[in-house]
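Asker: Got a structure for you, written out below as structure tokens; questions coming shortly.
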Amino acid sequence: MSFCSFFGGEVFQNHFEPGVYVCAKCGYELFSSRSKYAHSSPWPAFTETIHADSVAKRPEHNRSEALKVSCGKCGNGLGHEFLNDGPKPGQSRFUIFSSSLKFVPKGKETSASQGH
């Protein structure tokens with residue numbers, strides 16, 4: 001079940017190349033392609049962030065199983081974390097808007113794409 005409006009254009013939903021997904025606004029590293037997996041929702045899904053501070057989380061009103069997530073560096077809105085809804089028991093599912101991400105292919109990482 002999803003809590004976001006879907007407007008289409010989710011270019012990273014079926015994107016599985018090796019690399020890093022960074023914040024579209026500031027370039028901070030958010031998710032590795034290793035944590036991305038196929039899910040039935042229309043948004044890209046990840047099981048974990050790259051760094052403990054990659055995202056900031058706040059409760060979603062009236063939905064104890066969902067947290068709103070934003071970039072841990074600049075505050076750019078990213079989507080949601082759904083607790084215990086990942087591919088394995090106990091894992092989360094990060095449901096992220098493609099428009100909030102930029103993809104950096106493996107081997108093309110720079111200090112700018114890492115948010116430094």
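Even glycines carry a Cβ here, placed using N, Cα and C.
Below are the features listed in Swiss-Prot for this protein:
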- 1-106: domain 'MsrB' (DOMAIN)
- Cys23, Cys26, Cys71, Cys74: Zn(2+) binding site (BINDING)
- Unk95: active site, nucleophile (ACT_SITE)
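Help me picture these features in the structure, burial and contacts included.
Answerer: Note on Cys23 (Zn(2+) binding site): other Cβ atoms within 10 Å of its Cβ, all shown chains, come to 24.
Unk95 (active site, nucleophile) counts 23 other C-beta atoms within 10 Å of its own C-beta, drawing on all protein chains shown.
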Asker: Excluding near sequence neighbours, so keeping only residues 6 or more apart in the same chain, what lies with its CB under 8 A of Cys71 (Zn(2+) binding site)?
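Answerer: Correct list: Cys23, Lys25, Cys26, Tyr28, Leu30, Ser54, Val55, Ala56, Leu78, Ser100.
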Asker: Under 8 Å Cβ-Cβ from Cys74 (Zn(2+) binding site), six or more apart in the same chain: what's there?
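Answerer: Residues satisfying the criterion: Cys23, Lys25, Cys26, Tyr28.
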